[in-house]
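Peer 1: Feature list, courtesy of Swiss-Prot:
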type     : residues               : note
BINDING  : His79, Asp109, Glu164  : Zn(2+) 1 binding site
ACT_SITE : Asp81                  : active site
BINDING  : Asp109, Glu140, His351 : Zn(2+) 2 binding site
ACT_SITE : Glu139                 : active site
Amino acid sequence: MSDTLPALRATLTELVAMDTTSFRPNVPLIDYAQARLEAAGFSAERQKFLDDAGVEKVNLVAVKGGSGSGRAALALVGHSDCVPYDAAWTDALRLTEKDGRLYARGACDTKGFIACALHAALNAEQLKAPLMVVLTADEEVGLTGAKKLVEAGLGRARHAIVGEPTRLIPVRANKGYCLAEVEVRGKEGHSAYPDSGASAIFRAGRFLQRLEHLALTVLREDLDEGFQPPFTTVNVGVIQGGKAKNVIPGACRFVVEWRPIPGQPPERVSQLLETIRQELVRDEPAFEAQIRVVRTDRGVNTRADAEVVRFLAEASGNAPETVSFGTEAPQMTELGAEAVVFGPGDIRVAHQTGEYVPVEDLVRCEAVLARAVAHFCGGR
């Protein structure tokens, strides 16, 4: 299929063999990438941090023709971590090929892109403008690594191609991703004597009823027709409460997830949650609920006529689209880039047992990234 395929396959084989599940260190992969990039003339800067469990994580910013603190012409951005895999998938860390597909955990999300980015960077010569390769940690558990880069001002570029499995379709906009945990309190008692307690589950039901009403009305007033659906969505995917069938529940907890359209403050739903709480307290002074906002990651909407959008559309042959899942593009935008999400594979097979990337996607992606390097950095 291509002279580049054997080398791409070899690199991807090495990348997937390193278990970079988010709860593990990603240091081996960073060491591997840094060694190869430095051997090709890149200068590398590492940003170390500990995750909530005290596990060491590392972001890598490698530049050819500049420094990590400066602004590159183009950044190729990929996250090094993967979601966990089922123990029954015994070949999860061994790249296997069948019917034109390369199978392994991370092959699609996003080590396939990293392999392509590394090869496009390693083969770049005579650069006239700085090229940057950015590898982040802990994207799968809150975009933590990308947020650390923003805090430190590392990874600045004029244009950024953020790796995700988009089927080689340029994605110029994505919704944000936000989470809040709500705990509603009641009073335990014997279920045979309702007046002896106050049901936290019934109280939570009243809270959720109001939330659903707002999700179906107020949050559908702001529209962005570039998305499907074109409004901010709300979901309550987890709820827990009660101890036994004959005990009035004293507590009920649920998790609210919302995906704001770009331009809408990500805090809007958390403000609505607080409004609901206050209204319920007004109606029932004994009502008690605590709201803990966990994440408020905004979306991004890169201009349709931005140079990087137009280039990727032409180079890939695919019209730009939008997606409703979160990416690291907003963080790259905060660092000053016009960012587009792009990469081999399909998000619908990511995070699954039997995750794969099509061989053809891998080869085409590397070719597009190589063209991007030549276009934005003037190399060959």
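Each residue, glycine too, has its Cβ placed from N, Cα and C.
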Peer 1: List, in sequence order, the residues of the same chain other than Asp109, Glu140, His351 whose Cβ lies within 8 Å of the centroid of the Cβ atoms of the recorded Zn(2+) 2 site.
Peer 2: Cys82, Val83, Gly106, Thr110, Ala350
Peer 1: How big is the gap, in Å, between the Cα of Glu140 (Zn(2+) 2 binding site) and that of Asp81 (active site), rounded to a whole number?
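Peer 2: One finds 7 Å between the Cα atoms of these residues.
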Peer 1: Ten-angstrom check, please: count other Cβ atoms within 10 Å of the Cβ of Asp81 (active site), all chains counted.
Peer 2: 27
Peer 1: Within 10 Å of Asp81 (active site) (Cα to Cα), which of the recorded positions Asp109, Glu139, Glu164, His351 do you find?
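Peer 2: Near Asp81 (active site), where near means Cα within 10 Å, the recorded positions are Asp109, Glu139.
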Peer 1: Counting all other Cβ atoms within 10 Å across every protein chain shown, which of the binding-site residues His79, His351 scores highest?
Peer 2: His79
Peer 1: Of the binding-site residues His79, Asp109, Glu164, which one has its Cα closest to the Cα of Glu139 (active site)?
Peer 2: His79
Peer 1: How would DSSP class Asp81 (active site) in three states?
Peer 2: coil
Peer 1: Which number gives the other C-beta atoms within 10 angstroms of the C-beta of Glu139 (active site), all protein chains shown included?
Peer 2: 27
